[in-house]
């Protein structure tokens, strides 16, 4: 292994771990930006007039939305709503749901294999593959859309395959690069890039669609993302030991703070973690009271799945709520749906630094810090959605509530999303892949669920049902994570050493009996 020179100039000016964190944040921003741009661009791609007439023909007993819901329909105050041009595609709400949800089909299948490749070989190149395949599929989307919506679905599946490996890959990199005292800040910086990418993507997609046409959304954003690929290859390495652009002092600080295990690639990780979680409750890795990994892991799993329902509902469906119910035009839609994700970014950084400071002072434990972050990310959005159910067409109040709710979701980055590294840094990528795989299911279900409920009924009443379901899942998240969440490292995190265990902890007759079982 090559030792980087002590006199490295860049390493002395900019800490290498923050080069990783910033580029990782930009990479996450690209992934999420290319994920959500279709949600905004689709508003300009669809022929809303034709789709609305077709939906009303399917419901002969109802002539308009007012009769379906029993409530008055919101009216645009800008006057632009009625003059905006329709797009070329007559995709029903069900087709729209499938086009948006199929991203998560690829996302679902790639995470665990991607995590294992990242842990055993190279998280750097897994992340590079993720962004590259998203860029290629994004650039091809306009051509595929002209061909058939099924072709667009294939592109979205491809993007999902790439997007699915991002969180596991970044978890592996953070487990090797982030000193424990900076873990919350670095994780929040990296993962808050998802909200920054959402802001930029929604704003750009809205402006580009309104000025240059919906096709420009994919060409411009896909083209700009290529710059990151070059920077990532040149400036990032898998571990401090492999990084030439680092000072000797920083490398030694990181490695020593992690106990000298910053470059651990154990081939037994997947077998161990899967056996501990899904095997017998008293495995050879667990003895008596020490065998308690399930509650800590399952708390993260439940929180991740429930939180993702609300996250994807706001991330993917918010532009449609603004268009269908509150009657915002394209420009208003882009601004009002994107800016809350910018405040989310600032809030997540501020909260993570505050919690790290409180932990450093000994005011709170890691467990308490993770629960505070998760509580912000679930309780506040639940209250905002409950209020949103009853503000009706008061557009100002609705926008304010959605802004507060989206902003508070930033607590998840220093909450349960950082928790995998706390309980088992050696298995961080695999654990993230396991929880994120399950948490991908809401991404597949939400667009279809919303599409079915709003088919021919794009009203406040229909969306109220959607919001109540989301509130119920947030309540489950709060209860389960508050009761069972933990920030303590679990005993099964260390690699098994059966020879040492046998020699030091087992009587000879018990070892012999164990051998013959």
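Residue 1 is the first one shown; counting continues down the chain.
Here the Cβ of each residue, glycine as well, is placed from N, Cα and C on the backbone.
These figures come from a predicted structure and were not determined experimentally.
Pulled from TrEMBL, these are the features on record:
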type     : residues : note
DOMAIN   : 13-489   : domain 'Major facilitator superfamily (MFS) profile'
TRANSMEM : 16-34    : transmembrane segment
TRANSMEM : 125-145  : transmembrane segment
TRANSMEM : 151-174  : transmembrane segment
TRANSMEM : 186-210  : transmembrane segment
TRANSMEM : 216-236  : transmembrane segment
TRANSMEM : 295-314  : transmembrane segment
TRANSMEM : 334-351  : transmembrane segment
TRANSMEM : 372-391  : transmembrane segment
TRANSMEM : 397-417  : transmembrane segment
TRANSMEM : 429-450  : transmembrane segment
TRANSMEM : 462-484  : transmembrane segment
REGION   : 489-517  : region 'Disordered'
COMPBIAS : 496-517  : compositional bias 'Basic and acidic residues'
Contacting positions for the transmembrane segment (372-391) when only residues 6+ beyond its ends and CB under 8 Å are counted: 303, 306-307, 310, 314, 351-352, 355, 364, 397-398, 401-402, 404-406, 408-416, 418, 464, 467-468, 470-471, 474-475, 477-478, 481-482, 485
Cβ-based contact of the transmembrane segment (334-351) with the transmembrane segment (186-210), 3 or more pairs under 8 Å: yes
Stretch contact, the transmembrane segment (151-174) with the transmembrane segment (295-314), Cβ-Cβ under 8 Å, 3+ pairs: no
For the transmembrane segment (295-314), sequence-distant contacts whose Cβ falls under 8 Å of one of its Cβ atoms, 6 or more beyond its ends: 277, 374, 377-378, 381-382, 385, 402, 405-406, 409, 412, 415-417, 419-420, 423, 431, 434-436, 438-443, 445-446, 450, 466, 469-470, 473-474, 476-477, 480-481, 483-486, 488, 490
Annotated stretches the transmembrane segment (16-34) and the transmembrane segment (216-236) touching (3 or more Cβ pairs under 8 Å): yes
Candidates 125-145, 186-210, 216-236, 462-484; stretch with most C-beta pairs under 8 Å toward the transmembrane segment (397-417): 186-210
Closest-packing stretch to the transmembrane segment (216-236), where packing means Cβ pairs under 8 Å, from 125-145, 186-210, 462-484: 125-145
Per-region confidence, the domain 'Major facilitator superfamily (MFS) profile' (13-489) (mean pLDDT, whole number): 82
